Amino acid sequence: MAKTLFSYFTIPLFLCLSSLHLVTSFPFASGQIDYNYNYNYYDRSCPRLGMIVKYGVWAAFKNDTRIAASLLRLHFHDCFVNGCDASILLDDTIDFRGEKNSFPNRNSVRGYEVIESIKADVEKACPSTVSCADILTLAARESVVLSGGPYYPLSFGRRDGLTASEKAANEQLPSPIEPLENITAKFTSKGLDMKDVAVLSGAHTIGFAQCFTFKRRLFDFKGTGRPDPTLESLALTNLQGMCPNKDASNSNLAPLDYASTYRFDNAYYVNLVNSTGLLESDQALMGDPRTAALVTAYSSNSYLFSADFASSMTKLSNVGILTGSNGQIRKKCGSVN
């Protein structure tokens, strides 16, 4: 534990240096620049924000080691549906059906209560100051770092969205059984690219997946009545044991990265090179020469993966954000004020 905590609170020098440019501002989809969206946004209004979020994530992780992967996924699913506006945290109302009960999120996405708890602590220290969107974004980074992954630079000043859409979540979130071409198109629509697909898929170095998300690879791949021929035979046997071919096993869990389930490293890419990737969408990265080249590079160079992951996460955190007079600062993350 001492080693884990040491690595958690230690920031590599090259990443500290890379964050020095963060006082610059970001252009948004409208082409406008918000000079109030920056790295130092809460330095005066909520100087303890970083430590409050850091402790909240650590306390949750201490009780549930899965929560790091869950919070990272929660952030991704939020940003991918109409931007990083904390809309995924909103409960359904009489006016809209939100993202929580969409097909990709229902009985799958976790961590809502952790963000709500951190928000309550932040409200005590800095009332009506910090958005849920910024808290979720920061919690995702702390989850990565706590798991042994890279620290990456973030800017703050996001506002919370006023609505959510179950339909948008169903349409915009990538599926683990979609072709790589479709997944890449969804990334491109968010201002991301094929490299970001390969890099951000590396988040699957931690966490678990329910059997129903990959079971067709084990027994009836694309209607053939046979397993996925790209899946290594021993991995196939092990997974068939975890996920027998019956409906009762649909919610069973299997590690996304069996080699180091709770450690953020490049073993995920080694698995893909060895044809032992869990999800169909993961192993598909080896089927395209452009993404396969990245997978091969990351499998042999963990520093390259860490640097590129940091860059892509910073990029993701700026997708479709609301700033200035847009949106609001929610008092509770599950409901609009």
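Keep in mind that glycine also has a Cβ here, set from the backbone N, Cα and C atoms.
Whatever TrEMBL says is automated annotation, not expert-curated.
Partner cysteine of CYS126, as given in TrEMBL, is CYS46 (from among CYS16, CYS46, CYS211, CYS243, disulfide bond). Within the model, the domain 'Plant heme peroxidase family profile' (36-337) carries an average pLDDT of 96. Proximity of CYS243 (disulfide bond) to non-local residues of its own chain (separation of 6 or more, Cβ distance below 8 Å) is seen for CYS211, PHE214, LYS215, LEU218, SER249, ASN252, ALA254, given in sequence order.
Of the chain residues outside the Ca(2+) 2 site list THR205, ASP257, ASP265, GLY202, HIS204, ILE206, ALA259, SER260, THR261, ARG263, PHE264, ASN266, ALA267, TYR268 have their Cβ within 8 Å of the site's Cβ mean position. Other residues of the chain with a Cβ within 8 Å of the Cβ centroid of ASP78, VAL81, GLY83, ASP85, SER87, GLU99, the Ca(2+) 1 site, are HIS77, CYS79, PHE80, ASN82, CYS84, ALA86, ILE88, GLY161, ALA164, ALA168, ALA169, GLY320. Neighbours of GLY83 (Ca(2+) 1 binding site) among the recorded positions HIS77, CYS126, PRO174, defined as a Cα within 10 Å of its Cα, are HIS77.
Comparing Cβ neighbour counts within 10 Å across the binding-site residues GLU99, ASP257, ASP265, the minimum falls on ASP265. Listed in sequence order, the recorded positions near PRO174 (substrate binding site) (C-alpha within 10 Å of its C-alpha) are HIS77, out of HIS77, CYS84, SER87, GLU99, CYS132, THR205.
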